[in-house]
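*Asks:* Shown below is the structure under consideration.
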Amino acid sequence: MEFDTIAAISTPSGEGAIAIVRLSGPEAIPIADKLFRAPSGKKLATQATHTIHYGHLADPWTEETVEEVMVSFMKAPKTFTREDVIEINCHGGIVSVNRVLELVLRAGARLAEPGEFTKRAFLNGRIDLSQAEAVMDLIRAKTDRAMDVALNQMEGRLSKLIGTLRQALLESIAQMEVNIDYPEYDDVEEMTRPIMLEKAQWVRTEIEKLLQTSSQGKILREGLSTVIVGRPNVGKSSLLNSLVQENKAIVTEIAGTTRDIIEEYVNVRGVPLRLVDTAGIRETEDIVERIGVERSRKVLKEADLILYVLNYAEPLTAEDALLFEAVKGMNYIVVINKTDLPQKIDLDEVKKLAGGKLLVTTSLIEEEGIDQLEKSIADLFFEGEIEAGDMTYVSNARHIALLHQAHQTISDAIAAAEMDVPVDMIQIDVTRTWELLGEIIGDTADDGLLNQLFSQFCLGK
Ligand SMILES: Nc1nc2c(c(=O)[nH]1)N(C=O)[C@@H](CNc1ccc(C(=O)N[C@@H](CCC(=O)O)C(=O)O)cc1)CN2
Ligand SMILES: Nc1nc2c(ncn2[C@@H]2O[C@H](COP(=O)(O)OP(=O)(O)OP(=O)(O)O)[C@@H](O)[C@H]2O)c(=O)[nH]1
Ligand SMILES: [Mg+2]
């Protein structure tokens, strides 16, 4: 496929040591040669591929020097996009990098759309769609584990597995094809069903195995959304600070200190948490605090896990009972804090209200009980140790939805095969399964989907 030549700034905006303007496409090298002046006078086009060259950029219309640069020169097809690629490394100032971009656009390049370089890598067949999606996950990864999952997917582990499943489906479609073409041979008919059934059942089992990794995969990718709630002054912000091991949230002895949502990413024994501290929930006349309390109630509903903090040194209140109602049916751990102070709370009452949920006692001031809490969180979601890094997880909501659909269609095919339904009817379901799995790797994806996916990328990626 032949495209036009695109350009974009590929480094973050702001001041930095070096910034990169990247070009890709058939005109990348001629455009660079229009602007680039090497001390030797040599043109880039005459250089060996995958080399980097020192020189200056000049405005070709005035011959005025614009920047001092290093230019990487990479000829197709061994490049990120499989097209000719030029990377101009300039000084990392906002003005300098924008001048360089402006110059290459005036010399004939088009400003790239978000994700367009990666899209070309996909359209030119270097990577498939799930690998391209992993590139974005990698950039967005906030924890080591999320990055491992993305890297694994970027290297094509999921793609390979999907490819194997589709191959098995193709073989079974071919077998049915023979059957449809030669209906007069009864022995073919006899062979087809068992062979087809065996392959379809294997595919279904593999899809099930993948789906079993999806809840963990999603957590690893996005972080477990963990919301700390409780009455004012019980120690919610202190708990966030202990878990992230930094004083991120303001802690004072004044009830109603936290007014807004505070979010931090933290790794708890391999479980990535998106930890959210909230305003203490109570009825209040203070307008700002009231908005905070409303926000607390809202994020509470979207949590994967709730850390419900109680004060060991105060009796339970009506507000506590209301909160127990609010978290009913959700995943929560009760944290009873301030055990260094004399007990006023009725622990039996708490146990009754918590109905079998985990109870952990802490004294955040004395740094006690945090280990136990971390262990409880890890146990709750990963039953102890989290799997080794080389496991294939499905973590992307789009992939998970497609796998669910594929599971349905392959189950339909199996049920039909077991019920003596004509072979060409079964074939429809098997073919549909093959298509659905193909959408994961972008083999059967339409333009609308591609545009939507790549537009979520960063500019210059
Ligand atoms: N300067 C720079 N750094 C970068 C990138 C880049 O585009 N430019 N990358 C951008 O994300 C990442 C590196 N990813 C890359 C992935 C594939 C190829 C590539 O050329 N692949 C070819 C040839 C491989 C080979 O030489 O064997 C291929 O797979 O065909 C290049 C970069 C991170 N660092
Ligand atoms: N004695 C004792 N005091 C604690 C403990 N944990 C927190 N505190 C104190 O309790 C007070 C309130 O702590 P915060 O973490 O601000 O409480 P909060 O729940 O975030 O309060 P709001 O933001 O107002 O809802 C502070 O003075 C903390 O130092 C503890 O384990 N023992
Ligand atoms: Mg607070």
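In case you wondered, yes, glycine gets a Cβ from its N, Cα and C as well.
According to TrEMBL, the protein has these features:
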BINDING   ARG22, GLU87, ARG126, LYS461  (6S)-5-formyl-5,6,7,8-tetrahydrofolate binding site
DOMAIN    223-382  domain 'TrmE-type G'
BINDING   233-238, 252-258, 277-280  GTP binding site
BINDING   ASN233, THR252, ILE254, THR257  K(+) binding site
BINDING   SER237, THR258  Mg(2+) binding site
*Asks:* Cα-Cα, whole number of Å: THR252 (GTP binding site) versus GLU87 ((6S)-5-formyl-5,6,7,8-tetrahydrofolate binding site)?
*Replies:* 51
*Asks:* Could you check the binding-site residues ILE254, ALA279 and say which one's CB has the fewest neighbouring CB atoms inside 10 Å?
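*Replies:* Among the binding-site residues ILE254, ALA279, the lowest count of other Cβ atoms within 10 Å belongs to ILE254.
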*Asks:* Could you check the binding-site residues ARG22, LYS236, LYS461 and say which one's CB has the fewest neighbouring CB atoms inside 10 Å?
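*Replies:* Relative to the other binding-site residues in ARG22, LYS236, LYS461, LYS461 has the fewest Cβ atoms within 10 Å.
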*Asks:* Express the distance between the Cα positions of LYS236 (GTP binding site) and THR257 (K(+) binding site) as a whole number of Å.
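*Replies:* Cα-Cα distance, LYS236 (GTP binding site) to THR257 (K(+) binding site): 10 Å.
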*Asks:* Return the residues near THR258 (GTP binding site) by Cβ distance under 8 Å, restricted to its own chain and a separation of at least 6 in sequence.
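*Replies:* Long-range Cβ contacts: LYS236, SER237, ALA249, ILE250, ASP277, THR278, ALA279, GLY280, GLY292.
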*Asks:* Cβ under 6 Å from ligand 2: which of the binding-site residues ARG22, THR257, THR258 qualify?
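*Replies:* Within range of ligand 2: THR257, THR258.
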*Asks:* Relative to the Cα of ILE254 (K(+) binding site), which of the binding-site residues ARG22, GLU87, ARG126, ASN233, LYS461 have a Cα no more than 10 Å away?
*Replies:* ASN233
*Asks:* Cα within 10 Å of ASN233 (GTP binding site): which of the binding-site residues ARG22, THR257, LYS461 qualify?
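*Replies:* Close binding-site residues: THR257.
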*Asks:* Measure from each Cβ of the binding-site residues ARG22, ASN233, THR252, ILE254, ALA279, LYS461 to the atoms of ligand 3 and list the residues where some distance is under 6 Å.
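*Replies:* The ones that qualify number zero, so the answer is none.
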*Asks:* For the binding-site residues ASN233, SER237, THR252, THR257, which one has the sparsest Cβ surroundings, going by other Cβ atoms within 10 Å?
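*Replies:* Ranked by other Cβ atoms within 10 Å, the binding-site residues ASN233, SER237, THR252, THR257 bottom out at THR252.
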*Asks:* Look at each of the binding-site residues, GLU87, ARG126, and point out the one with the fewest other Cβ atoms around it within 10 Å.
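*Replies:* ARG126, out of the binding-site residues GLU87, ARG126, has the fewest neighbouring Cβ atoms within 10 Å.
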*Asks:* I'm trying to understand the geometry here, so how far is the Cα atom of THR257 (K(+) binding site) from the Cα atom of LYS461 ((6S)-5-formyl-5,6,7,8-tetrahydrofolate binding site), in Å to the nearest whole number?
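*Replies:* Spelling it out, the Cα of THR257 (K(+) binding site) and the Cα of LYS461 ((6S)-5-formyl-5,6,7,8-tetrahydrofolate binding site) are 41 Å apart.
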*Asks:* How far apart, in Å, are the two Cα atoms that lie farthest from each other among ARG22, GLU87, ARG126, LYS461, the residues recorded as binding (6S)-5-formyl-5,6,7,8-tetrahydrofolate?
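*Replies:* Greatest Cα-Cα span of the listed binding residues: 19 Å.
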